[in-house]
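Colleague: Just lifted these from TrEMBL, have a look:
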- A:T196: active site, nucleophile (ACT_SITE)
- A:T159, A:K185, A:T196, A:E282, A:N406, A:S411: substrate binding site (BINDING)
Number of protein chains: 2
Amino acid sequence: MTVNLPLPQKDHLKPVKGFQMGIAEAGIKKANRKDLLVMTLAPGSQVAGVFTLNRFCAAPVQICREHLAQDGAQGEIRALVVNTGNANAGTGEQGMKDALATCAALAKELNLNPKQILPFSTGVILEPLPIAKLIDALPKAVANLGEDHWFDAAEAIMTTDTQAKATSVTVQTPAGVVTITGICKGAGMIHPNMATMLGFIATDAGFAPGLLTNLTREIADLSFNAITIDGDTSTNDSFIIMATGQSPVQIQSADDPSYGPVRVALIDLARKLAQMIVRDGEGATKFITIDVQGGKTEEECRLVAEAVAHSPLVKTAFFASDPNLGRILAAIGYAGITDLDVDQVQMWLGDVWVAKNGGRNPDYQEADGQRVMQAEEITVKIDLGRGLAQQTMWTCDLSHDYVSINADYRS
Amino acid sequence: MTVNLPLPQKDHLKPVKGFQMGIAEAGIKKANRKDLLVMTLAPGSQVAGVFTLNRFCAAPVQICREHLAQDGAQGEIRALVVNTGNANAGTGEQGMKDALATCAALAKELNLNPKQILPFSTGVILEPLPIAKLIDALPKAVANLGEDHWFDAAEAIMTTDTQAKATSVTVQTPAGVVTITGICKGAGMIHPNMATMLGFIATDAGFAPGLLTNLTREIADLSFNAITIDGDTSTNDSFIIMATGQSPVQIQSADDPSYGPVRVALIDLARKLAQMIVRDGEGATKFITIDVQGGKTEEECRLVAEAVAHSPLVKTAFFASDPNLGRILAAIGYAGITDLDVDQVQMWLGDVWVAKNGGRNPDYQEADGQRVMQAEEITVKIDLGRGLAQQTMWTCDLSHDYVSINADYRS
């Protein structure tokens, strides 16, 4: 079950000049299923990434970090390869060897240096990567390369997602039109041992070397780092932005008049993708926005948003359409702001002012709260009344299906 | 449903000389239900407490802190009063007035100073305390005062607990025999707006002024601060140790030969009480011990134990009797030890060595893990391999009933 998540339309997913995708069936976990994706970039493309902080990070994540860290022509990233069905995590030395062998094999196919490849894996943890099957299928994926394969690419990286996740936009800038298209996968660590989130965004805008790195981190914090389903961060989470520079729009610095509109468009698109993961969240029946403002710092706003978004008591109350003020206020109270003056805290459920100066709003009618909580999309606005900082987070409710999905099945 | 939690036997709950309890029905929330408990202490008793860190702490919690902070004869605590059915939290100025009025009324009954009273409330948040009903019932509770009312006291502080929680022990010391008896309530914040944990322990040992304060904090960290059901800390959590000094055992300092045995007995009893809360946890079907060792500091061991004990993915796996190594390792990985060398991490499920040097133990058979996970009581042992510190935490699984209890009912 998904919450207001329509299937992407193939013809709405715009090709990005200089970016190609090739899909194949490697049979890594299941037979007759697209499970291998190769992506190639035109020479001179800029690539930046943000990766999981989990100490049990997968071998491919470690190699991505190394290959992105290097500079010079040899370090120029020209291709990415993604397999589903196996996360190549908790696999030790052999896992590193397998991930490097994947890069070497694809480099040979594309006549590149292995250091120009970024490898990604998603699927079962603690099981060896079936490297032979993967390498055998690489030529098929390369032969399939094309600019209009976005939908197939989105399907190829799915694991337990109930549907493909992709979106596309064009943005007008002073220097011309820029196209941005992205795909992602993830639905919480639904499956036992499933290692989860991947996001890839490509644009034909050009970025000066290095310029994309900080922007990618900023965008991740405003999108994929601002969603939570069960609070578990996986061993393979990766988010990549690729700029081919094949459009007339060449951005030299943050002062470039085209930088603003492209930045905003990238943020919006990344947020849309991130929210798709929540809308397809395990057992989700509601899509919830936690909007915290009036904080001294963005960090303390994030603490409060996370506490509310993570609380099983709050999430079950949303599932029950129960305007349970006590649970939300209690979560604000233990979020970790040690000098929070609760008498300054205001809270709204949708358009209803429910908590006034730290207590129940005398004018609040339970029926009004009920009305808001019945909706599929709910916004909780919290004003801490101690500053100007703000943070928004997106989450879903905690339903019987969450327990069923995570307890009753085993791949 | 509870996990190996037998009902306490009245005649096993030993009276503590100098400590009396009186119970009454105030009709605060439901009629014909014990919901008011008064406890009195002999002159010269020592009292120490640990309270919730939730910023939305209840009015009585704030007053307890003040009354315990004062010193001198006037500050000597001589009585406690507990009501269930209403938490007097999120009630602002009126809540403070009501809690102070409760102290004043009981002080009048007992011919004490209001500052010698500690007030406690547990129940629904954000609703005004029905102070008139409470004060009307105080004389009945005082008339009922007696030393052998432990079981009735345990029942009187229950809210959504499925059964009364109490235990008792005697300990031999060089100076003579000490009796310790305690009660507690809490089962996670089961009910909407229910504010949760209360623990009261009384002993006839004597403690020099101040000596009990640090000991109580230490005991809380080893017991009630080492359990988690859903990670939500309530607005009313309070833990109190009372020493009447009516036994021959008078402890002047930590070097006193009687201090050791009494300290250990208090820790054991507090842990037993705390574990009763987990065994009666919302929807609990399994009792799980997370034993983290080999850390550099106790704090980092606690981080890891909490991450594992809080993970909904880990808890649903326990519910499913699924030896899901990937989920537990992932939780260890995101616990917050940024320099953790995962290759040094070992893990055991019960007696089965499942994770070796950060990966799956080659000798591990899934059937062995399955056998351990089938049990009602499971111990996860994690060795971080980086030091000598250790921490233990207790939790329960996450079942369909957790969602039902929290989503389907509303008081």
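The backbone N, Cα and C atoms fix where each Cβ goes, glycine too.
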Colleague: According to DSSP, which kind of secondary structure is A:E282 (substrate binding site) found in, if we only use helix, strand and coil?
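Modeller: Where A:E282 (substrate binding site) sits, the three-state DSSP reduction gives coil.
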Colleague: Using all protein chains in view, find how many other C-beta atoms are within 10 Å of the C-beta of A:N406 (substrate binding site).
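Modeller: The answer is 29 other Cβ atoms.
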Colleague: Using the alpha carbons only, what distance in Å do you get between A:N406 (substrate binding site) and the residue listed as 'active site, nucleophile' once rounded?
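Modeller: Rounded to a whole number, the Cα-Cα distance is 14 Å.
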Colleague: Could you tell me which of the recorded positions A:T159, A:K185, A:T196, A:E282, A:N406 sit with their CB under 8 A from some CB of chain B, listed in sequence order (or 'none')?
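Modeller: Only A:N406 pass the 8 Å Cβ test.
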Colleague: Tell me which residues of the chain lie with their Cβ under 8 angstroms from that of A:K185 (substrate binding site), as long as they are six or more apart in sequence?
Modeller: A:T84, A:T122, A:A154, A:I157, A:M158, A:T159, A:D161, A:K165, A:T196, A:M197, A:L198, A:I277
Colleague: Select the most exposed residue of A:T159, A:T196, where exposure means the fewest other Cβ atoms within 10 Å, treating these as the recorded positions.
Modeller: A:T159
Colleague: Can you tell me whether DSSP puts A:N406 (substrate binding site) in helix, strand or coil?
Modeller: helix
Colleague: Looking only at Cβ atoms, how many others are within 10 Å of the one on A:E282 (substrate binding site)?
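Modeller: Result for A:E282 (substrate binding site): 26 neighbouring Cβ atoms inside 10 Å.
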